[in-house]
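> According to Swiss-Prot, the record shows the following:
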type	residues	note
REPEAT	26-65	repeat 'WD 1'
REPEAT	91-132	repeat 'WD 2'
REPEAT	175-213	repeat 'WD 3'
REPEAT	224-264	repeat 'WD 4'
REPEAT	283-321	repeat 'WD 5'
REPEAT	338-379	repeat 'WD 6'
REPEAT	414-447	repeat 'WD 7'
Amino acid sequence: MAGVGGGNDFQWCFSQVKGAIDEDVAEADIISTVEFNCSGELLATGDKGGRVVIFQREQENKSRPHSRGEYNVYSTFQSHEPEFDYLKSLEIEEKINKIRWLPQQNAANFLLSTNDKTIKLWKISERDKRVEGYNLKDDDGRLRDPFRITSLRVPILKPMDLMVEASPRRIFANAHTYHINSISVNSDHQTYLSADDLRVNLWHLEITDRSFNIVDIKPANMEELTEVITAAEFHPHHCHMFVYSSSKGTIRLCDMRDAALCDRHSKFFEEPEDPSSRSFFSEIISSISDVKFSHSGRYMMTRDYLSVKVWDLNMESRPVETYQVHEYLRSKLCSLYENDCIFDKFECCWNGSDSSIMTGSYNNFFRMFDRNTRRDITLEASRESSKPRATLKPRKVCTGGKRKKDEINVDSLDFNKKILHTAWHPTDNIIAVAATNNLYIFQDKVN
């Protein structure tokens, strides 16, 4: 069966897997975010241990024609450390919640990383030369005796082994009372937003000691709280527009030209609920876990527990497309509630041409949907299919009756194995899928 990816028929094949194969995975090693940079040449992951690992794409060469989708470690650094809030007697985890790249302006790369409370701007730069021949100190850094200096030297640059440095340039702190769930860089390349459960703040990349509160849904009496903010993102082209989603399954589009505080939205997107299908779990499964604008800016995609929806910004009443991710779990909601899986936050992503979308599921399955043909495919990130250039076989889940050879029964799904974080290369058919502590990279195999 052909893959889903936009345009020509092709199959997905294995390229690489990063991370240890251990059965007992340390909590700190679990990947918590995955993000390509604007060119797709760099791929960053963050984990629950506060580390950021950046991979760089290998250049194609004639001796290894299949290396175009391969990424190797470029830089690793500790972004966040565990902290303790003494005023509230709360531990602040080091877990990286989100990474967002800034568009590249010069030889260096910049990215934002955040944990629950603190956002940091990192500069990733290369050094392949060092200065030698100082007058006041030796090459090893020791100060020279000024009485022994008899001649003036002109320092020179000497080549050295390539060294990649990650240095923190800005720290944006003390602006969020609740846990940060989103950061999004604006198209003006000067500002970005950060969102927590009840507020959205606007920052300037050069100013760390203050931010502007642009959304505040906190009620005067917290007992009247009925919803929380779950995700927020800037429009890719209009720097005055952004959206934020809620735990009630609604999306609000805001225009910062209307007012400084965007409590009154410009557009309100909500799908009417079918009263006949209402249940105890309806509100939980309608909570939106991710919202992403298409690259064109015409559409936005939202992910709730069971489905992905595509909305036209010009139509607020209902989504233009709805894709069922794992409808077979609807009958299992009670047990998923008991083991807390129903609160899992799945992300979603677009391909470069906005013609296909991808999101994760359980059992290390991930789903792709072709918006033009309406075809969909379920693939699995597993060590069994991790032979170089091995074609991924489509997987199917059966809900009862006789199980075919290649199918897996819904009762056999492993809910501890889940694909929450995925990323699609901005131009090529290369995808990155985080499965617990492993990062799988797949690419197309053109027929």
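The backbone N, Cα and C atoms fix where each Cβ goes, glycine too.
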> What are the DSSP helix, strand and coil residue counts for the repeat 'WD 6' (338-379)?
4 helix, 19 strand, 19 coil
> Counting only residues 6+ away from its ends, which parts of the chain sit with a Cβ under 8 Å from the repeat 'WD 3' (175-213)?
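For the repeat 'WD 3' (175-213), the far contacts come to 97-98, 100-103, 105, 112, 114-117, 119, 121, 225, 228-239, 242, 244, 256, 260-262.
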> Excluding the flanking five residues on each side, which residues at least 6 beyond the ends of the repeat 'WD 7' (414-447) place their CB within less than 8 Å of a CB in that stretch?
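Result: 2-3, 5-6, 8-20, 22, 25-26, 29-36, 38-40, 43, 45, 47, 68-71, 295, 336, 339, 341, 344-352, 358-366, 379, 381-382, 386, 389, 391-392.
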> Using a Cβ cut-off of under 8 Å, list the residues of the same chain at least 6 residues beyond the repeat 'WD 4' (224-264) that approach it.
181-182, 184-188, 191-193, 195-200, 202, 212-218, 270-271, 283, 286-297, 300, 302, 304, 311, 313, 345
> Give the nonlocal contacts of the repeat 'WD 1' (26-65) in its own chain as ranges (CB under 8 Å, at least six residues past its ends).
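Hits for the repeat 'WD 1' (26-65): 18-20, 71-82, 93-101, 103-104, 109, 111, 113, 115, 122, 124, 166, 421-428, 430, 432-434, 436-439, 441.
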> Run through the repeat 'WD 1' (26-65) and tell me, per DSSP, how many residues are helix, strand and coil.
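Split by secondary structure, the repeat 'WD 1' (26-65) comes out as 3 helix, 21 strand, 16 coil.
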> Grab the pLDDT values for the repeat 'WD 5' (283-321) and give me their mean, rounded.
97
